[in-house]
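Undergrad: Sending over a structure as C-alpha cells; questions will come in a sec.
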Amino acid sequence: MTLLALGINHKTAPVALRERVTFTPDTLEQALNSLMAQPLIQGGVVLSTCNRTELYLSVEQQENLQDQLIAWLCDYHQLSPDEVLKSLYWHHGNEAVSHLMRVASGLDSLVLGEPQILGQVKKAFADSQRGHSLSGELERMFQKSFSVAKRVRTETEIGASAVSVAFAACTLARQIFESLTTVNVLLVGAGETIELAARHLHQHKVKKLMIANRTRERAQVLAAEVEAEVISLADIDERLAEADIIISSTASPLPIIGKGMVERALKKRRNQPMLLVDIAVPRDVEPDVGKLPNAYLYSVDDLQAIIESNMAQRQAAAVEAETIVVQESSDFMSWLRAQSAVETIREYRAQADEARAELEARAIQSLQQGADAEKVLRDLAHKLTNRLIHAPTKSLQQAARDGDGERLQILRDGLGLE
C-alpha cells in the first residue's frame, strides 16, 4: 500500500487552468465514485478550492499509476494531458503525508498561515467519509493532519498577525479599543474586503454594526448574515456620529466622507475619538480628516506596513511549523510501516496457535488412552518446539548457504540471539 498526493495549485497553475480542473459540490460525489472505480485505488479524497485541486489516494502499488491518474483527471475535465502535465505535482509516501500536513496548517497557502484551508480540508475528508471512499490509512493520515494543524496554531505564531487588509483593519480596531463589544461600527461598501471585515467583527460581537452601500440589495444580503443595519450612502452624514469605528472600501472615484462631515460628527460625539480605516483606492475619506483632533485616520498604505511586518513574523513562525511537520510526518510513517507488520504477526500467531491446538489435542487423546503423563508432556514439548523453530531454522540455513551475512544477522536479531 502506498499513499499518493497529486494536483495543481496557485503556485503551479494560472487561474484559467485551476478553474477548469475544479470539482464542484454538485459533481463531487460522481467524481469520487469514478475515481474509486479506477484499478488499484483503495481510497481517495478530493480537495478542490479556488487555489488548488488535489487528489489524496491510497493505492495497492504506484507503478504505472501516474499515467492512469493523469488520464482520468484529463478525461473527467475534458482536458488534454499537455495542458495539465506542466502544472501537476506528484508526491508519494512521506512526501504525500508532509504535503497534506503543510496544506492543512496553511503553510502552502497563497496567504501564509490562513486558517480557512483547514476547514476546507476537513470538508473534503467528510465528503469522502459520506461517499465511503476512505481507506484506513487515508483516514488516519487526515486525522493526523488535523492534529498537526492544531499543534502548529497552538505552538507557533503562524496565525497571530494580520496579513489581509480586512483582517489588518479589524486587528487595528482591537488594538485601539479595549473591547469591541462596546463599540458601534459603520462599514461603507459591500465588496469582498468589507464582507471579510463584517464577518470578523460579527465574530467579535461588536455592539452595533451598520452597512452603507450604493446597492442596497447587496448590503442586505451581507447584513442578514452578520445581523447589521443597512443604511444608504446619503444617510452617512446623519448617522456618522453613532460610529466609533468606520471602515470604508468602495469603488467611488470621489471621497464619500469629507472633513466637514467628520467635524460635525465629532461635535455630536462631544469629541469622543473615532477610528477611520480607509481601504479604498481612490480614497473614500478626505486625507485632511486625519488632521482633526480625535479623528484617527489610517489608509491602505498604513495597513500595508502592518501587513508586511506581520508577514515577516508569520514567515519566522513558518520555520517552526515546518519543523513540527517534519517530525510529525516521520512519526506517522513509522506508524504506517509498523501497520504493515500487523497482518504478518497475526498470521504467524495463528499458525503457532494451530500447531499448539493440534499437538494439544493429540496429547489429551494419549492421556485418555492411559499413556504415561510425563512421557506425553515431554513429547508435546518436543514436537511443539520442532514445529515453532522449523521455519526460522530453514531461513537461517538458507541465509548461511547464500553467504548473506546481513540477512543472517537480521534473523539472529529477530530471534533474540546475541
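Just so you know, glycine gets a Cβ as well, placed from its N, Cα and C.
In case it helps, Swiss-Prot gives these features for our protein:
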- Cys50: active site, nucleophile (ACT_SITE)
- Thr49, Cys50, Asn51, Arg52, Ser109, Glu114, Pro115, Gln116, Gln120: substrate binding site (BINDING)
- Gly189, Ala190, Gly191, Glu192, Thr193, Ile194: NADP(+) binding site (BINDING)
- His99: site 'Important for activity' (SITE)
Undergrad: Of Thr49, His99, Ser109, Pro115, Gln120, which recorded positions are close to Ala190 (NADP(+) binding site), meaning a Cα within 10 Å of its Cα?
TA: none
Undergrad: Including all protein chains shown, what's the count of other C-beta atoms within 10 A of the C-beta of Glu192 (NADP(+) binding site)?
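TA: Within a 10 Å radius of the Cβ of Glu192 (NADP(+) binding site) lie 11 other Cβ atoms.
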Undergrad: Other than its own, how many Cβ atoms are within 10 Å of the Cβ belonging to Asn51 (substrate binding site)?
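TA: Taking every protein chain into account, the count is 19.
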Undergrad: By a 10 A CB contact count over all chains shown, which of the binding-site residues listed here is most packed: Gly189, Gly191?
TA: Gly189
Undergrad: Take the C-alpha atoms of Thr49 (substrate binding site) and His99 (site 'Important for activity') and report the distance between them in angstrom, rounded.
TA: 16
Undergrad: At 10 angstroms around each C-beta, which of the binding-site residues Gln120, Thr193 has the fewest other C-beta atoms nearby?
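TA: Candidates: the binding-site residues Gln120, Thr193. Fewest Cβ atoms within 10 Å: Gln120.
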Undergrad: What are the sequence-distant neighbours of His99 (site 'Important for activity'), meaning same chain, six or more residues apart, C-beta distance under 8 angstroms?
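TA: Those within reach of His99 (site 'Important for activity'), by Cβ under 8 Å and sequence separation of 6 or more, are Ala5, His91, Asp108.
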Undergrad: Whole-number Å only: compute the distance from the Cα of Asn51 (substrate binding site) to the Cα of Glu192 (NADP(+) binding site).
TA: 17
Undergrad: Hey, does DSSP put Ile194 (NADP(+) binding site) in a helix, a strand, or just coil?
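TA: Reduced to three states, the DSSP call for Ile194 (NADP(+) binding site) is helix.
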Undergrad: Which one is closest to Gln120 (substrate binding site) in space, judged by CA to CA distance, out of the recorded positions Cys50, Gly189, Gly191, Glu192, Ile194?
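TA: Of the recorded positions Cys50, Gly189, Gly191, Glu192, Ile194, Cys50 has its Cα closest to that of Gln120 (substrate binding site).
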